[in-house]
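Engineer: Marked as domain 'Adenosine deaminase' by TrEMBL: 16-349. Per TrEMBL, Zn(2+) binding site is recorded for H21, H23, H213, D294. Taken from TrEMBL, the feature active site, proton donor applies to E216. Taken from TrEMBL, the feature site 'Important for catalytic activity' applies to H237. Marked as substrate binding site by TrEMBL: D295.
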Amino acid sequence: MCKCEARTHQFLLELPKCEHHLHIEGSLSPSLLFRLAKTNNIALPSTEKDESFASPEALEARYERFVSLNDFLDYYFIAMSVLITSSDFESLAYEYFTRAHKDGVHHAEIFFDPQAHTSRGVAYSTVVGGLVAGQERAERDYGLTSKLILCFLRNLPVESADSTYKEAHALGHFSNGTVAGIGLDSSEVGFPPELFREVYESAAAAGIRRTAHAGEEGDHTYVSRALDICKTERIDHGIRLVDDEALLKRVANDKTLVTLCPLSNVRLRCVTKVAELPVRKFLDEGVRFSINSDDPAYFGGYILDNYCAVQESFNLSLKDWKFIAEGSIEGSWCNEGRKKVLLEKVEAWALAWKEMS
Ligand code: ADE
Ligand code: ZN
């Protein structure tokens, strides 16, 4: 739990936030996982095979001992097998939005992994139908706006990404705004961005937004290849950018948004502690970045916990936080009108907390 002093915690809680790096399947908590497994009659791995599946508490404890991205992904893909109906996806999304709203999120752009569902017989339209229903409820109940980002699993054959992309196209999901953009996730090392060049080129030509996980476990060349070959507009994680000074300056100049996930990077051992992340370096170099939770049910915290962890390690000023908040809004994929409203909220917050400067 967060160790922030009460006033600092309130200051960060009230800061109007955008979240850009949240895998909706990664918000499936062990308790919901066990409940849905029962309701949907899904067998979890036997405890002879893996004793972590003995109870939600045992699973929570296992999540504290991930040794790598792939170690985490093994659990992530097993867990999501309990999601079957549209209403499961709707509840998952609505519960995430409810939590995000409590943490001061006003706009969220969330990833989903259609191939992980279609490959086990759950239709693409079931997944998206449920998520959209959750988005609509959250906007109605909390005024929280959101977008969907369709992610391709980079460890699966490129043909599978192509057919998923075509299915979303055929349903008009890109042209009607149901899905705002594409992303690339799952095991990074050995699956470089250029494998997906064609699908990214097609998306760019059709004016579809593009992002990709790069420089999480992979080195800085994964970032440059995502930008140069796949023409991504955003970089998810991107912590290895610090290993190439020219690339870092280019990202700063181009105002490319980097979506940092501090608690995730510690849990997956990309760094040993939050203080090792390039937060100060990004601020000093003018890199636009947001702070995000990635897979909050697995990594020990939602977005506010990530903000608090950054504050504990870097002791940022009001000016620094305002820069982060404004960059998060400007790097979002919402329209100019919505950006203006969000920027005004940040101005009002800065005025209310001016004694923190
Ligand atoms: N899928 C869910 N979380 C992920 C992460 N941190 N990196 C890559 N793929 C993911
Ligand atoms: Zn991620």
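Cβ from N, Cα, C; glycine included.
Just so it is clear, the model here is predicted, and its values are computed rather than measured.
For the listed features, I'd like the structural context: burial, neighbours, distances.
Structural biologist: Long-range Cβ proximity for D294 (Zn(2+) binding site), meaning a same-chain Cβ under 8 A and a gap of 6 or more residues, is found for H21, L22, H23, G26, C261, L263, S264.
Just so you know, the Cβ of E216 (active site, proton donor) picks up 23 other Cβ atoms within 10 Å once every protein chain is counted.
Counting every protein chain shown, the number of other Cβ atoms lying within 10 Å of the Cβ of H237 (site 'Important for catalytic activity') is 28.
Sequence-distant neighbours of D295 (substrate binding site) (same chain, 6+ apart, CB under 8 A from its CB) are L22, H23, E25, G26, S27, F72, Y76, S264. The DSSP secondary structure for D295 (substrate binding site) is coil.
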Engineer: If I restrict to non-local contacts, at least six residues apart, and a C-beta distance under 8 angstroms, what lies near H213 (Zn(2+) binding site) in its own chain?
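Structural biologist: Set apart from H213 (Zn(2+) binding site) by at least 6 residues yet with Cβ under 8 Å, we have R154, G183, L184, D185, E188, D236, H237.
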Engineer: Near ligand 1, which of the recorded positions H237, D294, D295 are found, taking a Cβ distance under 6 A to any of its atoms?
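Structural biologist: Passing the 6 Å Cβ check against ligand 1: D294, D295.
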Engineer: For the domain 'Adenosine deaminase' (16-349), what's the mean pLDDT in this predicted model?
Structural biologist: 98
Engineer: Using CB under 6 Å from any atom of ligand 2, narrow the recorded positions E216, H237, D294, D295 to the ones that qualify.
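Structural biologist: List returned for ligand 2: D294.
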Engineer: Hey, of the binding-site residues listed (H21, H23), which one tops the CB count within 10 A?
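Structural biologist: For the binding-site residues H21, H23, the Cβ with the most other Cβ atoms within 10 Å is H21.
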